[in-house]
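Participant: This is the structure I have questions about; it appears just below.
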Amino acid sequence: MKSAPSSNGSVQMSALNQKASTMSMMMPLRSESFAYPKAGSSDIMAQIQFYGRQHGQKILATLSFLVFILFISSDYVHDGSGLGNLRRNSRYGASFGGAAHRGYFRVEDSIKPNSKFTFAAITDLDELSKEKEARKPTWDSFMLLGDIQWVNGKYALTMEPKMRTLKTKHNEAGRGAEFSELTIYHNRLLTFDDRTGDVFEVLNTPNGDDSFVVPRFVITEGSGDTDKGMKWEWSTVKDDLLYMGSMGKEYTNPDGSIANTNNLWVATLSAEGVLSRIDWAKNYNVVRKALGAESPGYVIHEAINWSDHLKKWVFLPRRISSEAYDENKDEKNGSNKLVLVSEDFSSAKVVEINMADKDGLHGFSSFAFVPNTKDRHALALRSVEEDCVGGDDQVCKQRSYIVVFDVMTGEVLLDEVKIEANMKFEGVEFMDPHITPPAY
C-alpha cells in the first residue's frame, strides 16, 4: 500500500512553486525583451529607438523618396550643373521651344565705350521676301547692323554697309520670313513672322560674323482655335513674360462690317514655353479713344513696349484714322504720336513726336529703349509702303527711316535718317550683333 506524501515534501513543492511564480513575474513577456524596451517607457529616446527598429525599412524608404524629390527639384538639376539630366532640360539650361542651348544675347552687351550703343534691325518685305530663283522655295529677311552715339546732347547714327541674310523654308500659302519684330527674352534674340505665326530664334555662327534663324513655336491667331498663323506685329517683356501682339484692329469686310476680331488678342509665353492668350480689345480701345479714333475710326499698331522704369505701356501707332478703313487712303495715315498708358489701362496721355518732316506715308513699325536712359530715350523705325495696294511688286515702293526721341516730351534727338536699302524694316533691338556664341 502506497503511503501518502509526507508534509515535508508538500512544503518543498510549495516553495518551488512560489519561486517559479516570482521568477515569472520578474521575467518580461516574449514580445518584450531587454534588447527592445517597453513601448510605454517614459524614456523618449527609448521609444524612438523602439519605433525605429520596428519600422526601419519604411522610414528608410520614405527618406530616400524625399531626398530624390528634393534633388530633382533643385537648381543643381535645373541649371544644368547636375550630372543626372533627369528632366528634358539639358546641362545647358531650361529648354525653350526645343532649344538645345541657352541664349547668349543681352541688351547690356550693346553698351560700348564713349556712349555708343549697337543694335540690329530686321526686314518684313511682304511678297518680296521670296527668292525668285531658288531651287527649293526659300524666303529671306535681312538684318541691318548699326550703332548710335550720344554726342553733345544729340545722337549720331552709323550703319554697317553689309547686311546679314536670314533664310527659311517655313511659309504659309507661299509667304514667309516676314519678320515684324526683334526682342530679347531670357537672352534669346527672337523674331516673329506675321504670316506663319512662327516665333524664330536668331542665332550667330561660331565666329559671330553671320546669323541664321531657327523656328521655336507656331502660334495661331485669335483665341487659338484657328489654323491661321497669328499676324505678329509687336512684342515686349513684362513680369518675366513675353507678350506678343498683332495690329490691334478688327479685320473688316469691304463693306466695313467686322469679319473677326482675332487681331485684338495677344499671347504670352513663359520661360518654360507655356502659352496663354488674352483678349486685349478693351486695352486697345483705351488707346483708340485717347487718339480720337473710335469706331468707325481705327488705329494700326506695330510698336508697343512695356517700360519697367516708367511703369507704363508705350504705344507708337503705325497709322491713325478718324474715318472708316479705306486701303487706298490707309497708306497716308502714318502717325507721329506716342501714347503713354498706365499699367492697368485706366489712363492715357498722348505725346507728339516733333519731327521736322511729318510725312503721312511714314509710320512707326518698331522701337527699342536706348540703354542707360531709364527708358526715356527710344530708337524707332518708321517704314513706308507706297503704291502697294494690289500687291504689284513692280509698282510697290518700300523704304525705312531711323529716329531717336525723348519718350516723355517728344523732343527729337536724332531726326529721321533714311536707311540706304529700299526695304521695309519692322523690328529693332539693342544687342551686340557680333557676339560669339559660347562653346558647348
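Just so you know, glycine gets a Cβ as well, placed from its N, Cα and C.
Found this in TrEMBL, in case it helps:
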type    : residues                                       : note
BINDING : SER180, GLU181, GLU233, GLU302, SER365, GLU426 : Ca(2+) binding site
Participant: Please state whether DSSP places SER365 (Ca(2+) binding site) in a helix, a strand or coil.
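Facilitator: It is in a strand.
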Participant: Near GLU233 (Ca(2+) binding site), which residues of its own chain have a C-beta under 8 A away, given they sit six or more steps off in sequence?
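Facilitator: The answer is SER180, GLU181, ASP194, GLY245, SER246, MET247, HIS301, GLU302, GLU426.
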Participant: My understanding is the cutoff is Cβ-Cβ under 8 Å with a sequence separation of 6 or more in the same chain; which residues meet that for SER365 (Ca(2+) binding site)?
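Facilitator: The list for SER365 (Ca(2+) binding site) reads SER180, GLU302, ALA303, ARG318, LEU381, ARG382, SER383, SER400, LYS424, PHE425, GLU426, GLY427, given in order along the sequence.
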Participant: Going by DSSP, is GLU302 (Ca(2+) binding site) part of a helix, a strand, or coil?
Facilitator: strand
